[in-house]
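Down below is the structure, laid out as structure tokens.
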Amino acid sequence: MTNNSQIKVIVGMSGGVDSSVSAYLLQQQGYQVEGLFMKNWEEDDSDEYCSAATDLADAQAVCDKLGIKLHTVNFAAEYWDNVFELFLAEYKAGRTPNPDILCNKEIKFKAFLEFAAEDLGADYIATGHYVRRDDSTGHPRLLRGLDNNKDQSYFLYTLSSEQIAQSLFPVGDLEKPQVRAIAEQLGLATAKKKDSTGICFIGERKFTEFLGRYLPAQPGVIETVDGKVIGEHQGLMYHTLGQRKGLGIGGLKDGDENPWYVVDKDVARNVLIVAQGHDHPRLFSDGLIAKQLDWVDRQVRREPFDCVVKTRYRQQDIPCHVEPLDDDTIKVTFASPQAAVTPGQSAVFYLGEECLGGGIIEQRFSGSV
């Protein structure tokens, strides 16, 4: 058995059950374990929105129970500069970004990794993500988590082999019910705490209200695919492709009663374009163009290849053909048309269990490009 007693691991403690159990499992494996709670957002409103104080208290309670030290660090400035401003710029441009992916890239596996190594003397960091690391080839690879329902590799595709080499993912080999069972057996404060669903580090506040504070809303009209004005929107940023609820339009006189879906955004005209029916052709794409590529092995792809892709979290794998257009642009053609492919979101590629990397969806296409 490996002697881990001289190896120091700093666990990112979020105040949730996954990071709590991660710390315990590493302790059981003999590592020197300490926790780190990251504060990445300055509270600017009432406690009902912001759970940071509760999360910190929960993280502290778990560390006390396990007998490990908890450090705290404030990355609010880094979060604002490297995550939030880009997040706002993307929304302003009419796209729908994924801040959790950016947060993992810039905060958890960059700012945290550097702070843990340089200030706390860590050999590794660890998080409660449901992914696995494979070292069998000599270059650390990122694998999907064992629990298919909880696999979070989609959110970690920007990591390099080098970052993975410095990271441990203790719950990646477990299923969520097992993790909760361990927490309950230990009597951890986080055992029954529900999973967070809010934007990374900003909590579960009302999103439209939150976004409206930072970006002035620009109301405009809602048009059908035929150009008929049928309503008004409060701002393109509040809508995403494939959205059905919250449009404020019902059936039209002399029209069918099928629900309306967002099928496009005309940013130049500030017009939201809708169509009726979940199978309307305008909802579907034959493929996409992606840029800002991050391959885990950091090797530029120059030859076409086949694999599977996800264009959003928890989506079924889509067989596809990937054709590099230049070093930072790829054309992806789906085996069958896909609904609601959304610019600003990430396309993430897999070969079997391995996450190869991904990129940001620049545009979607139908027919040939």
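Heads up, the Cβ atoms here are built off N, Cα and C, so glycines get one too.
In Swiss-Prot this protein carries:
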type	residues	note
ACT_SITE	CYS103	active site, nucleophile
ACT_SITE	CYS200	active site, cysteine persulfide intermediate
BINDING	GLY12, MET13, SER14, GLY15, GLY16, VAL17, ASP18, SER19, MET38, GLY128	ATP binding site
DISULFID	CYS103-CYS200	disulfide bond
SITE	HIS129	site 'Interaction with tRNA'
SITE	GLN345	site 'Interaction with tRNA'
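Here the features listed in Swiss-Prot are placed on the structure.
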residue : record                       : DSSP (3 states)
GLY12   : ATP binding site             : strand
ASP18   : ATP binding site             : helix
MET38   : ATP binding site             : strand
CYS103  : active site, nucleophile     : helix
HIS129  : site 'Interaction with tRNA' : coil
GLN345  : site 'Interaction with tRNA' : strand
Task: Inter-residue Cα distance where the pair is HIS129 (site 'Interaction with tRNA') and GLY16 (ATP binding site), in Å - done: 11
Task: binding-site residues compared (GLY12, GLY16) - highest count of Cβ atoms within 10 Å - done: GLY12
- [ ] Taking only the Cα atoms, work out how far MET38 (ATP binding site) lies from GLN345 (site 'Interaction with tRNA'), in Å, as a whole number.
- [x] 25
- [ ] Using C-alpha atoms only, work out the spacing between SER14 (ATP binding site) and CYS103 (active site, nucleophile) and round it to an integer in Å.
- [x] 14
Open item on the list: Need this for a regression test: recorded positions CYS103, HIS129, GLN345, filtered to those with Cα within 10 Å of ASP18 (ATP binding site). What's left?
Closed with: HIS129
TODO: Name the one residue among GLY12, CYS103, GLN345 whose Cα is closest in three-dimensional space to that of HIS129 (site 'Interaction with tRNA'); these are the recorded positions.
DONE: GLY12
Open item on the list: What whole-number Å value do you get for the CA-CA distance of GLY12 (ATP binding site) and CYS103 (active site, nucleophile)?
Closed with: 13
Open item on the list: Roughly how many Å lie between the Cα atoms of GLN345 (site 'Interaction with tRNA') and CYS103 (active site, nucleophile), rounded to a whole value?
Closed with: 14
